[in-house]
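Chemist: Quick one: structure below, then a few questions.
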């Protein structure tokens, strides 16, 4: 596929608001692609050139882009920065600059989808002291051959700011329509393989190929998620439920095969080297050829420590042994996804739990099975007294659904009004905070868009503000007076006293007395709260006030 065709399709899709029309156009394109182009297309149309499990990262920030665009267009770097700041959208700004470039590129070639993917793979593999310069050279090379429209979408992909109105749901249905297969099977295959590119290739082969997908060690899948709820609400399902401690730690997946062990974070990043002590414990406790799901907690003096302690270990690259000696890390296992060449996610939870207790010699989380609300509440208070967050209620007949926040797992913890919001902008501070950001613009997810809902200026320590200022420098994509706007990457946990209707924000709601609690480095943008979540909370709160 010629990349210009891809760019023209993206431009067309951006202008379409109807879901069915989007799916129809995608399906027509997908059905016409070659086997080689099909996986590339399905990854790039989502703005994600690599599967989450691959570990590949582009690591291209605005500063690298400024340098490459300045070279290709024959402009000064400051002119490029000014244009991007004024236009607001980096892709649109690069399109403008390429259409006005003052020098002619020689030896340009017609770019294909495969060319762009090859360049992205090349960029992702660059490490070391010269990697930044090498990345700039690759970006210069592809932009030199790009038309203005191609440059628009190359930029959006490089900055991971690709929003054309196509999400996984639309792509799933388009793949199903293109190859006349059941969309539920496409969804199932993507849960297992976590790669729409691979799933599209399987769908072309037919429904049996989709049904036959299997988990593979060292190919992590998204972790099953829980929704908030109540004990009484879960018990209405009628059957006894499994009750487990909800730990204040960091989620992980542990894979072991042929005596090789790897550990992955909630975001599917490998953390094996950062957690050698935990890996050693699990290696000793578990047999070969296995994938388990769990949560690791930091313990000091017999009591659990805040989960930030674990996250600091996940990020650590140096002095790991000293950190491991300083604080004890304890893994807690609560599910098993694969064992002895058998995928287990389709088994009922009670059966998975039985297998886990049989094969793991240690570290399986305690469990109560009950349909008695009083007994479950007592267990909940036992968890709180032990320093844990609360309890998890799990339906015993439920399958493991990777990446899904459904009704089968419910978390019960003390009432706290918090939201996980995406940081999309900031305003310079005043007084003693004049050299850092003083407040932050926060947004919720609304389909593939981010909609502002609040600003937050309280709850930060001076050290946190300095860290955030340093961390967010390379994410700035636009400046407007005292405001700066970021390529969305960080998620804040925000406390608040009330959700109010407000005309001041696009979503129609605002937070009263918002306060910063912490950076949720364990969560990516897909796990931030949605506009629908906010509306539901508003309705629930005001319904209870009126009864």
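Any Cβ shown, glycine's included, is placed from N, Cα and C.
Below are the features I grabbed from Swiss-Prot:
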- 244, 251, 266, 295, 334, 405, 411: ATP binding site (BINDING)
- 246: active site, N6-AMP-lysine intermediate (ACT_SITE)
Chemist: Give me the count of other Cβ atoms within 10 A of the Cβ belonging to residue 244 (ATP binding site).
Modeler: 22
Chemist: Between the Cα atoms of residue 411 (ATP binding site) and the residue listed as 'active site, N6-AMP-lysine intermediate', what distance do you get, rounded to the nearest Å?
Modeler: 7
Chemist: Could you find out if DSSP has the residue listed as 'active site, N6-AMP-lysine intermediate' as helix, strand or coil?
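Modeler: DSSP assigns the residue listed as 'active site, N6-AMP-lysine intermediate' to strand.
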Chemist: Within 10 Å of its Cβ, which one of these recorded positions (246, 251, 334, 405, 411) has the largest number of other Cβ atoms?
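Modeler: Ranked by Cβ atoms within 10 Å, first place goes to 334.
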Chemist: Considering each pair of residues in 244, 251, 266, 295, 334, 405, 411, all listed as binding ATP, report the largest CA to CA distance in Å, no decimals.
Modeler: 19
Chemist: How many Å separate the Cα atoms of residue 266 (ATP binding site) and residue 246 (active site, N6-AMP-lysine intermediate)?
Modeler: 15
Chemist: Can you check which residues sit near residue 295 (ATP binding site), meaning Cβ under 8 Å from its Cβ, same chain, 6 or more apart in sequence, and list them in order?
Modeler: 247, 249, 250, 251, 252, 331, 332, 334
Chemist: I need the CA-to-CA distance for residue 405 (ATP binding site) versus the residue listed as 'active site, N6-AMP-lysine intermediate', whole Å please.
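Modeler: Counting only the Cα atoms, the answer is 16 Å.
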